[in-house]
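Asker: This structure is in structure tokens; I'll ask about it shortly.
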Amino acid sequence: MQIPETSSVHQNEWQRDVFVLSSGTCLPQQKAEVYRAHLAQIQYAWANSEISEASAVHLFKKYAEKYSAILDSDKLEIGLNNYADSILTMAKCQRNESDKWQSSLTTNNVLKLKSVQEMAEAGRRAQLSLLNSTDASVRVGNEIGTSGYSTVLAHNVLRNPSHAVPHAASSDCQIPEGSSNFLQNSKVSAFTKANTSSNTLINNSIPINTSLMQRNEVKAPTTFSTQSGPNVFSSTTSVYSGKRKACYALGDESTDIQPKPLVQRQLASKEATGDSDFKTAKEQLWVDQQKKHSNQPQRNPGPLYGGGKKSLGAARSRGLHGKFIPPLPRQEDVEDSNRKVYGQGNSEMNSTSDEHLKNIEPKMIELIMSEIMDHGPPLNWDDIAGLEFAKTTIKEIVVWPMLRPDIFTGLRGPPKGILLFGPPGTGKTLIGKCIACQSGATFFSISASSLTSKWVGEGEKMVRALFTVARCHQPAVIFIDEIDSLLSQRGEGEHESSRRIKTEFLVQLDGATTSSEDRILVVGATNRPQEIDEAARRRLVKRLYIPLPEASARKQIVVSLMSKEHCSLTEQEVEAIVLQADGFSGADMTQLCREAALGPIRSIQLMDISTITAEQVRPIAYIDFQSAFLVVRPSVSQKDLELYENWNKTFGCGR
């Protein structure tokens, strides 16, 4: 069957899409699909140099505008209404981050409130009273000035002698426009009161409500700081309620007037009393977080939408009905820590490896390192029976160049790919693994299923990540079992994702971005070599035929397997078994020995199977192999052997 050219196929698709657009029954969904197909075809044509860059930009802009007009139109007749409730419902659980997001709650808006203006007026009246008399009393009731704040501030300052008032007064805070009177008056009244009547505060000139102080210690006060963002004030409704829920504290990040958190104060009190055996989940989590972030520099958090709760006033203590905080870290924290640990670099990787892996997703690297990279026991060439020509050829072109790259340079360099084809069960997988073991290379074993994904674009990303990790672990051997399923011939009815995976694999194997110094060998094994794509066959330079084992190889398999069992076979009986097993593959010989090993077990009576010991089981005899030949048959037909031999004569590199 003659395959049509790619250009004719794309032309037919373009004409079909134009007819769909011109029809009067075309729905908006169909129009969007057509324009999306046009964009993909334009990108494909530009990538293959079929059109110029200027033409591609012009066409892409033209159809992108048409596509956007259909998506964003709110009319059901001509658009899809991209801002409909159904679309927003799908995206409502997604995190929305934006550096340009600004809150509508600003300091100027708060200062315009009536209650805040009354507080400012009360502060000015308190300032006048302080100027007239240094020993002013504090009124607690419906009208409270900032002298109440000065009482609390002075009490906190006097409790901590290290926090002197001049040190606190040296901290400057940024006062927004329009709020200078209120903040300056409050600041002047606070520190004037703290300086002139500190002794009076200790005595009884100004009464201090101890219950008020306890409540203020429990709740973390809101501070005016030099950080960017809207300043948060205490609740204005509590000013006239007679219950002070929070106090103000002036100072920037350099001041230490702020009280410690509740959990830290509780831990300190428990350690002082000696009762520190039991810790709640919240306390334990706080301790773990302090240990975790003790050596890390503090940084401003990113602008997360909904990440931090903004409120007016201090947080209300939730008590028993509060949110439960588990003592174990969250899954997001574990993933972030794992990424940080991995980002610090493995001791086996140099700086070049880190540069290669920085653009690869950590999950893909972890998948390749844990599942695709093989960590099985080592193999020797003696473990593979027969196949002397294949083993000798592989040693010459693969193993020796990897062991001595200084000698095998230039034209003596190893090939990029090897294809092992032949009947199933002849040891192709063992040869691929033995190459990695004998050359000291890292062995990657993949299949078509390990590179496919239900998400668009994930397959080619996995292929790119595989070769990137292999370049970081050179020398490396990438073994592809059943390579015909991954690199089959590309046709018209092939899925687009499968085509992209093949293209990416061929580019990584031998493309413009590959380096001749990379010591990466791709070994493919297949029992259907006629289905491999022509481009892949060209890149797999050495194509070795792995035939059925000869008589000497079959004898070696029988002797090797029977040496581990209790048997009574003579040399003549072994020769007879080998001659009778003509046409058997290596896997068939193994199955034959397994079936013969069950012969002594089948000869035991059913009533004696539970009481007989292992020493009383008779050895494996020649009659057991005769019974096994009645059950086990060759898995390769003569017709298949002729197909392999003909393909070997046409494309093979063997004798």
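Cβ atoms here come from the backbone N, Cα and C positions, even for glycine.
Worth saying up front: this structure is predicted, and the values here are computed from it rather than measured.
Straight from Swiss-Prot, here's the annotation block:
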BINDING   A385, G425, T426, G427, K428, T429, L430  ATP binding site
REGION    289-313  region 'Disordered'
Asker: Which one, from the binding-site residues A385, L430, has the smallest tally of other C-beta atoms lying within 10 Å of its C-beta?
Answerer: L430
Asker: Quick check on the binding-site residues: of G425, G427, whose CB has the lowest count of neighbouring CB atoms inside 10 Å?
Answerer: G425
Asker: Which value in Å gives the longest Cα to Cα span across the ATP site residues A385, G425, T426, G427, K428, T429, L430 as recorded?
Answerer: 13
Asker: Go through T426, T429, our binding-site residues, and report the one whose Cβ sees the most other Cβ atoms within 10 Å.
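Answerer: The most densely surrounded of these binding-site residues is T426.
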Asker: Can you name the residues of this chain that are 6 or more positions from K428 (ATP binding site) yet have a C-beta less than 8 Å from its C-beta?
Answerer: L420, F421, G422, A525, I546
Asker: Name the secondary structure element type, per DSSP in three states, that contains G427 (ATP binding site).
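Answerer: DSSP call for G427 (ATP binding site): coil, neither helix nor strand.
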Asker: An 8 Å radius from the center of the A385, G425, T426, G427, K428, T429, L430 Cβ atoms defines the neighbourhood of the ATP site; name the other residues of that chain inside it, in order.
Answerer: I384, L387, I431, I546, S585, G586, A587
